[in-house]
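Peer 1: If you look up TrEMBL, you'll see 40-267 marked as domain 'Radical SAM core'. Annotated [4Fe-4S] cluster binding site per TrEMBL: Cys55, Cys59, Cys62, in sequence order. Feature annotation from TrEMBL assigns [2Fe-2S] cluster binding site to Cys99, Cys130, Cys190, Arg262.
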Amino acid sequence: MSVNTVAPWTIRRIMELYDLPFMDLLFQAQTVHRQHHPANQIQLSSLLSIKTGACPEDCSYCPQSSKYQTELEPEPLMPLNQVLEAARAAQAQGAQRFCMGAAWRSPTEKQLDQVIDMVSAVKAMGLETCVTLGMLKDGQAERLKQAGLDYYNHNLDTSPEFYGQIISTRTYQDRLDTLERVRAAGLNSCCGGIIGMGESRRERAGLLAQLANMRPYPESVPINQLVKVPGTPLDQVEDLDPFEFVRTIAVARILMPTCAVRLSAGRETMDDSTQALCFMAGANSIFYGEQLLTTGNPQFVADQNLFARLQLEAAKTTLSEPPLSLEQTRPRAMVEAL
Ligand code: SAM
Ligand code: DTB
Ligand code: SF4
């Protein structure tokens, strides 16, 4: 088969990777990882919720949805000076990217004006910038790009088959349309999902197939473990076997060799050994900071200790490297096996 006519990843091929003996899967993932990334380097992104709660969407996992009774106190859009204070604090701790999240279905032009001021000011501090604001309309991604935005985060969350059990207020196609706008504006795409919502392994494979078959696939792929928040419809869902989460990281690494795979939400309840296995499986990015958007994340000092014990270090910025095409990035042996 010619490398120029690469077939999409099929669910069957992805399931074959998932089904490998655990050690074989990790070995393969770490081998792919080392062909494309410096060993032992982890990218550090810090998160800030710039507008919290009272969201009209019904995402079943989310404490910020207005449809569910959680303990969260809604907060309006944060003033610029507070955002910059948080960005300075994150930078002082060693964060490389500052990600600002808003609980919106989609921003109005006026809201976007305010976010644009935040993006340019954070960028001017020498931090990489990322925002997640919900669905974008025509022209909005271009405005963000002009303001100096590096990444737009918009997750597919799960497979198309399982999606209807999780969200009813926006469609899978709505998400793909926003991701298209992000790409067309020349922004880097940050797109991943949530594992442990009661989906099957086949549905996890379905999410990874969607991500890996994008052309090009996202530069940044956050793999979140569900944070179970009391009051949300998923707060009683059964715990996922940690090895299944590690397998998901490994398969993501093999399918998308050049992307940053982010070990995202869920680290607060994950033991150090599981995190180390995730790094072995090819995770090379984390959310660094004591808060995600509304829920907790490990203390700075805990992460600094973990890095010291594992001899991991903060990565150099990856922004100067242009994304490779799918054909360039899929290892030849895998292409031939398809
Ligand atoms: N409101 C915007 C949107 O959904 O497009 C942006 C913010 S939203 C909170 C960003 C992402 O956070 C979601 O797509 C989801 O993947 C993740 N997320 C939210 N709640 C979570 C939870 N309880 N556990 C894990 N990930 C979660
Ligand atoms: C992503 O994939 N995970 C982050 C970020 N992108 C915006 C959000 C995780 C949120 C976890 C629940 C909370 O703290 O509200
Ligand atoms: Fe709103 Fe985003 Fe939460 Fe969905 S995930 S309820 S869109 S804040």
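The backbone N, Cα and C atoms fix where each Cβ goes, and this holds for glycine too.
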Peer 1: Under 8 Å between C-beta atoms and at least six apart in sequence, can you list the same-chain neighbours of Arg262 ([2Fe-2S] cluster binding site), or say none if there are none?
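Peer 2: Listed in sequence order: Gln43, Ser45, Gly192, Ser220, Val221, Pro222, Ile223, Ala283, Ser285, Ile286, Phe287.
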Peer 1: Which residues does Cys190 ([2Fe-2S] cluster binding site) neighbour through Cβ under 8 Å, counting only same-chain ones at least six apart?
Peer 2: Cys130, Thr132, Tyr151, Tyr152, Asn153, His154, Pro218, Glu219, Ser220, Val221, Pro222
Peer 1: Taking the recorded [4Fe-4S] cluster site as Cys55, Cys59, Cys62, identify the other residues of that chain whose CB atom sits within 8 Å of the mean position of the site's CB atoms, giving them in sequence order.
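Peer 2: So the extra residues in range turn out to be Glu57, Asp58, Tyr61, Pro63, Gln64, Ser65, Ala103.
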Peer 1: Sort out for me which one of Cys55, Cys59, Cys62, Cys99, Cys130 has the most neighbouring CB atoms within 10 A, since those are the binding-site residues we care about.
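Peer 2: Of the binding-site residues Cys55, Cys59, Cys62, Cys99, Cys130, the most buried by Cβ count within 10 Å is Cys99.
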Peer 1: Which secondary structure state does DSSP assign to Cys59 ([4Fe-4S] cluster binding site), in the simple three-class scheme?
Peer 2: coil
Peer 1: Cβ under 6 Å from an atom of ligand 3: which of these binding-site residues qualify? The list is Cys99, Cys130, Cys190, Arg262.
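Peer 2: Listed by sequence, the hits amount to none.
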Peer 1: Using C-alpha atoms only, work out the spacing between Cys59 ([4Fe-4S] cluster binding site) and Cys99 ([2Fe-2S] cluster binding site) and round it to an integer in Å.
Peer 2: 20
Peer 1: Roughly how many angstrom lie between the C-alpha atoms of Cys55 ([4Fe-4S] cluster binding site) and Cys99 ([2Fe-2S] cluster binding site)?
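Peer 2: Just about 19 Å between their Cα atoms.
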Peer 1: Give me the CA-CA distance between Cys99 ([2Fe-2S] cluster binding site) and Cys62 ([4Fe-4S] cluster binding site), in Å, as a whole number.
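Peer 2: Given the Cα positions, Cys99 ([2Fe-2S] cluster binding site) is 18 Å from Cys62 ([4Fe-4S] cluster binding site).
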Peer 1: Filtering Cys62, Cys99, Cys130, Cys190, Arg262 (binding-site residues) by proximity to ligand 1: which pass a Cβ cutoff of under 6 Å to any of its atoms?
Peer 2: Cys62
Peer 1: Would you identify the secondary structure of Arg262 ([2Fe-2S] cluster binding site) according to DSSP, in three states?
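Peer 2: Looking at the DSSP assignment, Arg262 ([2Fe-2S] cluster binding site) belongs to a strand.
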Peer 1: Can you give me the residues near the recorded [2Fe-2S] cluster site, meaning same chain, not Cys99, Cys130, Cys190, Arg262 themselves, Cβ no more than 8 Å from the center of the site's Cβ atoms?
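Peer 2: So the additional residues around the site are Ser45, Arg97, Thr132, Tyr151, Asn153, Ser220, Pro222.
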Peer 1: Take the domain 'Radical SAM core' (40-267) and average the pLDDT across it for me.
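Peer 2: For the domain 'Radical SAM core' (40-267), the model's average pLDDT rounds to 97.
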